[in-house]
């Protein structure tokens, strides 16, 4: 099975992706994680990507597609794309590379739909565990001096660099709304629209229910 999941910033793509790969025994391909790994390497490309991300702009398609091309060379044909494709050009690339490598296409496309105000509130308060990638809200912790991941017990919880600037957040959300219209049309026969304003368990249940119906 090949699944792709996309949605605006703060919609819970990473959280739901983690649940989906466990539920359906899939490998995860996260564009965000790939980019963050390059940034943390301190390379020239990493510095350029860091500057782009901090300004709220999107990474060039060529960079994204090259990363995905290399990653797919290491995978079989059961995986989930977290946060990809982000525009129609990337969708065409994905269709082409899947047909070349596996003679197939994406089976299920999940769009997480989220109110803009909710997205902004989530992003302003988001913390991410640097070790296991679990996501938290600052409101989950009573003591700001005792931030510990409940999953892996790491104390390395930090804000993402692209969550620190409100104007950058607004640009990311605005760009998403521009690009998602063409993605909906391109994937209209495979698209599952999910209300991401709900809590994590409710979103998980809605996704699994709609996947079950689509596979009948």
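Note that Cβ sites are derived from N, Cα and C of the backbone, with glycine treated the same way.
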Listed in Swiss-Prot for the ATP site shared with 10, 11, 12, 13, 14, 15, 135, 136, 198, one of 23, 126: 126
Per Swiss-Prot, 57, 58, 59, 83, 84, 85, 86, 90, 160, 172 bind AMP; matching candidate in 36, 188: 36
Fewest-neighbour residue among binding-site residues, criterion Cβ within 10 Å, set 10, 12, 14, 83, 85: 14
Long-range neighbours of the region 'NMP' (30-59), counting only residues six or more past its ends (CB under 8 A): 14, 17, 67-68, 71, 81-84, 86, 133, 161-162, 164-165, 167-172, 175
Cβ neighbours within the same chain of residue 129 (Zn(2+) binding site) - under 8 Å, at least six residues apart: 135, 136, 149, 151, 152, 154, 156, 157
Chain-internal residues, separated by at least six, CB under 8 A from residue 126 (ATP binding site): 10, 135, 136, 137, 138, 159, 160, 163
